[in-house]
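Student: Below, the features straight out of TrEMBL:
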type	residues	note
BINDING	Thr72, Ser73, Thr237	FAD binding site
DOMAIN	32-337	domain 'FAD dependent oxidoreductase'
Amino acid sequence: MSSILDQPLILGQNLSLDPLPQQAPTATSPTILIIGGGVTGLITAWVLLDRGYHVTVLASRWASFTDEQRLTSQIAGALWEYPPAVCGQHTDAISLSNSKRWCMVAYDIWDEIASDPSRAALSGVQMKTSNFFFPCPLEEDSKQLLKMREIENSGVRGFNRAPSLIQKQGIDPRYGAVDAYEHLAPIIDTDRSMEWLMVLVQSKGAKFVTETIHGDLYDQEDELRARFGADVIVNATGLAGQELAGDKTCFPLRGALIRIINDGTDFPKVESALAITADAAHDHEIVFIVPRNDNILLLGGIAQPHEWSLDLTLASPEIQRMRARCEAFLPGLEFARTDPTYPLAQ
């Protein structure tokens with residue numbers, strides 16, 4: 001007999017936006033301890049709560065909305081992408097296959113959330129056109145051609161391949177883009193979304209505990225399960241998995257995004273995502289231009305493996321180069337003002 005956790009995740013059937021859990025837990029329902037309060041931990045909590053589990057989420061930090069360093073879940077580009085994504089490539093076929101399946105589950109759920117204006121405003125989710133550009137005809141790049149065909153047949157809305165998008169979106173022809181396609185994709189204001197997720201899972205009954213755990217979880221399993229009355233522990237800590245899972249293959253991938261004012265004053269307001277992906281860039285670097293919300297535009301990006309420190313500034317050479325190539329790609333950005341409250345997210 002299949003488990004309820006094997007059932008496809010469908011909003012309105014086994015996942016609910018209501019403040020109460022879709023299936024109320026009982027006194028004998030299992031308790032799950034989730035370690036990690038980022039987007040992975042919170043969405044895992046949401047899914048489990050709606051299936052009748054008791055859930056405790058433990059994290060050393062939570063989403064914050066100041067000028068201090070924010071969670072990775074608040075900083076990431078939050079443009080829905082069909083794998084492999086803009087910032088990197090997959091080296092494991094199983095991982096890539098799972099990511100393709102999971103991303104389509106996410107697409108349908110975010111699309112449904114964005115279809116209602118009030119829900120979209122609360123969650124920070126919008127469906128916007130995403131444009132992907134290529135330095136050669138797609139027929140000359142077998143991997144990108146296959147990816148495009150998979151996207152075309154995946155069920156995404158608004159797919160359209162047209163080199164004319166280069167001119168339509170105002171891309172400088174001297175940059176070297178010669179082919180392009182577009183489709184509708186969720187774009188998420190992650191600050192708003194993380195706040196919404198925290199409220200949602202707490203309203204469904206999740207308990208939040210602020211605590212930092214050190215050392216391998218395996219060595220602490222009995223103590224943690226006893227202390228929190230947990231039947232199962234879920235590790236949703238991301239990079240901290242190097243310590244908590246004893247996984248020495250886990251390493252940081254440092255990224256950075258410049259946040260600029262996108263109100264139409266300094267340059268024509270950018271309403272669509274514009275990107276050249278890492279695996280399609282060839283001799284170019286990543287271009288990542290994404291409207292985060294109605295007022296902020298993200299410029300990126302970089303992906304630096306094994307870089308632990310968050311000491312980049314707007315004056316750092318890789319950040320200046322990142323901004324320069326975005327400006328060369330989309331004329332007008334050279335006049336942009338940075339967000340005065342949070343100019344560089346890393």
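Cβ atoms here come from the backbone N, Cα and C positions, even for glycine.
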Student: Relative to the mean position of the Cβ atoms of Thr72, Ser73, Thr237, the recorded FAD site, which additional same-chain residues have Cβ within 8 Å?
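Tutor: After dropping the recorded site residues, what remains is Gly36, Gly37, Gly38, Val39, Thr40, Gly41, Leu71, Gly238, Leu239.
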Student: Can you tell which of Thr72, Ser73 has the most other C-beta atoms within 10 Å, given these are the binding-site residues?
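Tutor: Per the Cβ count within 10 Å, the most buried is Ser73.
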Student: Counting across all protein chains present, how many other Cβ atoms fall within 10 Å of the Cβ of Thr237 (FAD binding site)?
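Tutor: Result for Thr237 (FAD binding site): 24 other Cβ atoms within 10 Å.
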Student: Pop the mean pLDDT for the domain 'FAD dependent oxidoreductase' (32-337) in here, whole number is fine.
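Tutor: Here the mean pLDDT over the domain 'FAD dependent oxidoreductase' (32-337) amounts to 93.
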Student: Whole number in angstrom, please: the longest C-alpha to C-alpha distance across Thr72, Ser73, Thr237 for FAD.
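Tutor: With Thr72, Ser73, Thr237 as the binding residues for FAD, the largest Cα distance is 11 Å.
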